[in-house]
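K.L.:
Structure in structure tokens, see below.
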Amino acid sequence: MARKLLLEHINVPGINTLDVYRQKGGYRAVEKALKTLTPDEVVEEVKKSGLRGRGGAGFPTGMKWSFLAKPEGVARYLVCNADESEPGTFKDRYLMTHIPHALIEGMIVSSYALGAKTSYIYVRGEMMPQIRILERAIAEAKAAGFLGKNILGSGYDLELYVQPGGGAYICGEETALLESLEGKRGNPRIKPPFPAIAGLYGCPTVVNNVESIAAVVPIINDGGDEYMKIGIGRSTGTKLISASGNLVRPGVYEIELGLPVEEFIYSDEYCGGIANGKRLKATVAGGSSVPVLPANLTLKLANGEPRLMSYESLSEGGFATGTMLGSGGFIAFDEDQCIVRNTWNFSRFYHHESCGQCSPCREGTGWMEKVLHRLEHGHGKMSDIDLLVDVSKKIEGNTICPLGDAAAWPVASAIRHFRDEFEWHVKEPVKSLQGNYGIADYAVPIAKAEVKQEN
Amino acid sequence: MLKVEEQQPVEFSSALIAKCDEISNRYPEGKQKSALLPILHEVQAELGWLSSNAMDKVAAYLKIEPIEVYEVASFYSMYFLQPKGKYVLEVCRTGPCCLVGAEKLMEHMEKSLGVKEGEVTADGLFSWRGVECLAACGYGPVLQIGPEYTFYENLDNQKVDTLIEELRKK
């Protein structure tokens, strides 16, 4: 059984309440940090742990914290990014729904480390039930003396608020999130200056994902050195993976980084294989913005070794044969799924969610969506395929924020690995109009039994 | 798109104003514009949609220009700038939900409700629309209904029909 740090008590009845959460060891990290550690020592533990940002970018959290400017007399802020809306990713929603105090405890410890007196959890507006859950939990924590003035007699004050978003994927980008928190449209800011220098209200600010902040709790409880022992190489600790698509058991799983992808898909402890006895055709490993991989490259590296769930192993080979761990949004496509149709769907998403500030993204995402739509609906030309590659190249790297890259990579990678299927749509327009699902030859048949034998 | 039309004057209830005051206190002095998104949610929950009169009132309350409210309200997908049905059924239409049947579910809803996406039923009760990823990809197809954004997971045609019937009886 894999070690669990965040979801260990997920099935305990009432774990969403302060009492049960404390019975299971909750708020020990707050007591330990505020009573026995200086803020710098907390930062040091997080640095030692090797924790990398769990929102997608994978930047070392402790290092990000140490960049925070600390001018005298200026407020500092911690903002939690709970604007989860990357297709394929639903782990933060799960964590907030079931163990809200894990996030709140992490917020208190992290705010203490950064010297923030006011912190905000920016939750996507659609998650109104989760907003209510967090508000209730914050009230409980405040009544118990974990928030407010002079917390646990330490002299440290902290106010924590939940801020609802308005329904915009772009607000998951940290500078767009700050703009939105200031009551504006979610247009990303040009960096530098980075939020660590000029963030919320122009003050030094750290923006961290829900899962990163929750992970600070076990790091403080057990020490950064202990956390670092879990995982593999520079991918330390555990990671929440949201699994969706054509799987026997989709859902949120906590894995130790370094788990073989094959075991994650096929073992009974995790996803239990591909639904309806089908074969695996392709995956998206880290949310819709990362490159799609065909089944064979999902399971094995180019040199034949097993691919692992880790930052390094998933990106092995660059974008030619690899992808990214991203936010941990794992989507599996079975042999009946049409790659062109799914690429079109993702393209529509990015077109809809582009903030419109940069021309390459605003115009390019719409262009890609249109071309993919006509390919999928039997009106495509062979030249459309290269046109898509060309447009994606012109978006990538040419925008203020990474949404442009996120829109370009799925299209470019789908054509890189599944070009035959795009050509099939041009050659067989009638079949594609009839809802035929492209080419199944990419699928890799792996029986559950074989995996068990290997183990 | 903002639609300019003749609108009824609006009044905010005292409960709504108290809520706006509570929200405004979450931010440092002078940064009350931060309250804009949460306040728009509260106003929409009370009035059903955001008319320009309602938005002007929000601008006056926060002491900002009306255009600052319009540009925010028109940017985010959750704010309705035109009247809508009492219940707006929002179905996730993004990749993972489509892998497990969201598109077919939307076709079914169009038939069940007898209106196209974005339209309101004759009795004023229902609208429906496809929305982008709702972060519940493992439990699709899913839909949500405001203003509390009640969530329904693992849907099929029959479950949606039952839900519509229950809402009709309310």
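Placement of Cβ uses the backbone N, Cα and C atoms for every residue, glycine included.
Found this in TrEMBL, in case it helps:
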BINDING   B:C92, B:C97, B:C133, B:C137  [2Fe-2S] cluster binding site
K.L.:
In three-state terms from DSSP, label B:C92 ([2Fe-2S] cluster binding site) for me.
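P.N.:
Once the DSSP labels are grouped into three classes, B:C92 ([2Fe-2S] cluster binding site) ends up as strand.
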K.L.:
So which of the binding-site residues B:C92, B:C133, B:C137 end up next to chain A, with Cβ to Cβ under 8 Å?
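P.N.:
Qualifying residues, whose Cβ lies under 8 Å from chain A: B:C133, B:C137.
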K.L.:
Mind giving me a neighbour count for B:C97 ([2Fe-2S] cluster binding site)? Other Cβ atoms within 10 Å of its Cβ, every protein chain shown.
P.N.:
29
K.L.:
Measuring CB to CB from B:C133 ([2Fe-2S] cluster binding site), give everything in the same chain under 8 Å that is also at least six residues away in sequence.
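P.N.:
Non-local contacts for B:C133 ([2Fe-2S] cluster binding site): B:C92, B:T94, B:G95, B:P96, B:C97.
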K.L.:
Among all the protein chains here, how many other CB atoms are within 10 A of the CB of B:C92 ([2Fe-2S] cluster binding site)?
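P.N.:
Taking all protein chains shown, B:C92 ([2Fe-2S] cluster binding site) has 28 Cβ neighbours within 10 Å.
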K.L.:
Across all chains shown, how many C-beta atoms besides its own are within 10 angstroms of the C-beta of B:C137 ([2Fe-2S] cluster binding site)?
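P.N.:
Counting Cβ neighbours of B:C137 ([2Fe-2S] cluster binding site) within 10 Å gives 32.
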